[in-house]
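Q: The structure follows.
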Amino acid sequence: MKKFTKALAVFSMVGGAMFGTQALAEPFKIGICYDLSKAYTFATPQVAQAAQDLAKLVNMKGGIGGEPVEVIVRDHGNEPQRGIECYSKLSREGVFVFDTLSTPVSLAILPRAMEDGRILMQSLVGRGDAVDGKVFDWVYPIGPTYWGQAANDVAYIKQLHDGDLSGVKVGFVYFDYPFGQEPIEILETLSEKEGFELELYPVPLPGSDQAGVWSKVRRDKPDHVIVWMLGGAHVVASKEMQRNRIPMEKYISVNWLNEVDIANIGTDAAKGIKRGTNVVGGQDVALFKEIMTELYDNGQGSGPIEKTQDVFYNTGLAMYSIMFEAARNAVELEGLPITPTSYKAGLESLKGYDANGLMAPITVTAEDHGGGGQTRIEMWDGEAWVPQTEWISEYGDVVWDVVKESSAKYEQ
Amino acid sequence: MFYRLSGVHHANYVSDSRIFKVPADRNLAVFIFLIGLAAPFIIPSLYLNSYMLPWLIWTAAALGLNLVTGWAGQLHLGYAAVMAVGAYSAIHAARFGVPWEFALIIGGLTSSVIGSLFAFAALRVKGLYLALTTLAMQFVMDWVLTHSPAISGGSHASLQSPTLAFLGQDITSDTGFYYVAFGWCVLVTIFMLNLKRTGLGRALVAVREKDFAAAILGVNSFYYKILAFATSSFIAGVSGALLVATFFFLAAPEQFSVTVSIQVLAMVIVGGLGSVIGSYFGVALILLVPGLVNGLVVTVSEGLGMQINVETLAHIPNAVYGALIVIILLIEPLGLGKLYGNIRDYLMVWPFDQFKK
């Protein structure tokens, strides 16, 4: 009998522990279905680490509305099929905010998210026309679209030429597939509007051979070269530029250029290289310092500290600061528990939010799911990134024309 | 004991030309078919939707490739491109207002025409040269898709598929999609099971074994190769269209890239060349195991309370998966289908296996 009561006591304790935890608050979960093993590994580890660190920090400060937050990181190997599997699995576990950081997977999940009413965050990837909130109710590509980014690059060049682009020659070097081709339409429209000459230089994938491209650039002598390439292709490009004696200052990269690329080019050789960005690069950021003192100094970081010295880590912090801030807004607006609709309202009440100076301020509305699309141009001075402009978002009308034209096709 | 046989003995041609020469095989096939029919009611929707459905469609596609590679012995590295042709033409047809029944057939026929047109040129060479030529087809198709917004659907290269409908009935539920995939897979399976009983199938096998020996026997090897390409392309086209219509809901070039071509070929080779059941196993291994192993590794590491870096966590399943393929091919180079065959043969007259099988 004694044995039985003892067993009963143990059983009830175990049971209590099991059910007790379930009775606790359900954490607010974000499903991170990332490509951690194939094509996007130049950025995903840093971004995922930032997401985990930020979630830890939020929980240390008491969570959101008193509830803990959780980020669930899964690998999909950049395969649409596995991305859908990740989405379906997590959404059945009650996750309703997803991020993929992969264009093919984002495209594959989009119809399901729209159908199921789940939030699909797709900063910097996926279809750019999803900023049109009237068509894409559940998709939030917060941050600049590639169209907006290219337009801002042109605006920067216009600043350099004192507001007159006539007679200026702009080269566009791009990966010859949809990622790189996306800005062409905008650039062509702007070239007509502003009167600059546009030269296109397609680079065949994977971008390891660019000899022909850059000798052509040398012959054409464009004043600036806007570059839509990733990772190692920047390194190849810089080698070819040196060979052809094209000054680095002409190079204006898409946001996918990080410290690893700079180190591979050589910190000195990269002097003068420019990139468009929507986050502040470097470590002189309040949120970054807080994470360092609270987590990494105590050995609580979610990964190696080297990964944090990277602009994509800051990009990750920016993306997830937005997601957590939206959750806070949702709790403020409609209380707990957070639902897809209240979270949507939370996102759409973000106004001028810049995560304490970490990124370009964003304002999300029901019409504009992109948050305004501000970027700035930074230049590498050999040691750090020096901002060349304020946060700008120019040619909004031209960009939105393209957005509307494209999103109308989705509705058909 | 399991098969209740003392061996397989044919007393007449009719019994020799049966699809299932062993009654137990037929019973097993019927049993699996019934499970397949009942799946929406017994399998949780997550597994139905994210595992069963793609598995069935890819199996249908892999069977099509098996026709060309396993039966006719022609290496094909551009299979995904053929699937893309079918998918894009069917979706464009459906968007144009053609009913889905016809859109699928249009997709299949377009694939068939383009696939065999290409084969006309490609089949002038053999073996590895043919493989490279088909790879070229893949690259041509990749280029076309990424450079013609009219086909690929605008600057994002994503083409929305209209709602699938058969006989005026919109199909929107998971169960509906599943049955469409199931129906198509069953159709292709029945076709492939019957293929080896027909003159066409025997001609293809003759071509595979030695094409000039086949020619001496009066089999026009070029004609049969083209026929194999055309048929397999038709299956590829419809499978590609159904994949988009029931699973992806929009078509993007990445879904039909060169890696996908190699994956389908891997499915066929790991499953077993010329084996129908092997294609089912091969697709399961190549398509589903990475995700399953991934889930398993995550669960185990969480269960043990290990703090593994997300990146490492993502690479462990890949290593396990790679090792799995190597181990399987070491154990049985003829693939999973043969592995199944070995077990079946062993059990055929068990426990009296001292007798002749």
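Even glycines carry a Cβ here, placed using N, Cα and C.
Curation plays no part in TrEMBL annotations; they are all automatic predictions.
Checked TrEMBL, it gives:
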- B:28-47: transmembrane segment (TRANSMEM)
- B:53-72: transmembrane segment (TRANSMEM)
- B:79-96: transmembrane segment (TRANSMEM)
- B:102-121: transmembrane segment (TRANSMEM)
- B:128-145: transmembrane segment (TRANSMEM)
- B:176-195: transmembrane segment (TRANSMEM)
- B:226-250: transmembrane segment (TRANSMEM)
- B:256-273: transmembrane segment (TRANSMEM)
- B:280-300: transmembrane segment (TRANSMEM)
- B:320-340: transmembrane segment (TRANSMEM)
Q: Under a Cβ pair cut-off of under 8 Å, which of the recorded stretches B:28-47, B:53-72, B:102-121, B:226-250, B:256-273 contacts the transmembrane segment (B:176-195) most often?
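A: Stretch with maximum Cβ contacts: B:53-72.
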Q: If you count Cβ pairs under 8 Å, which stretch among B:79-96, B:226-250, B:280-300 touches the transmembrane segment (B:128-145) the most?
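A: Result: B:79-96.
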Q: Taking a Cβ cut-off under 8 Å, which residues six or more beyond the ends of the transmembrane segment (B:226-250) line up next to it in the same chain?
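A: Same-chain contacts beyond the flanks: 53-54, 57-58, 60-61, 63-65, 67-68, 71-72, 74, 76, 79, 82-87, 89-91, 94, 100, 103-105, 107-112, 114-116, 118-120, 123, 153, 158-161, 164, 171, 177, 180-181, 184, 188, 200, 204, 207, 256.
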Q: Mind pulling out the one from B:53-72, B:79-96, B:102-121 with the most Cβ pairs under 8 angstroms to the transmembrane segment (B:280-300)?
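A: Result: B:53-72.
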Q: Take the transmembrane segment (B:79-96) and find every residue of the same chain, 6 or more past its ends, with a Cβ under 8 Å from one of its Cβ atoms.
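A: Answer is 61, 64-65, 102-104, 106-108, 110-111, 114-115, 134, 137-138, 140-142, 145, 151-152, 159, 161-162, 232-233, 236-241, 243-245, 251, 253, 255-258, 260-261, 264-265.
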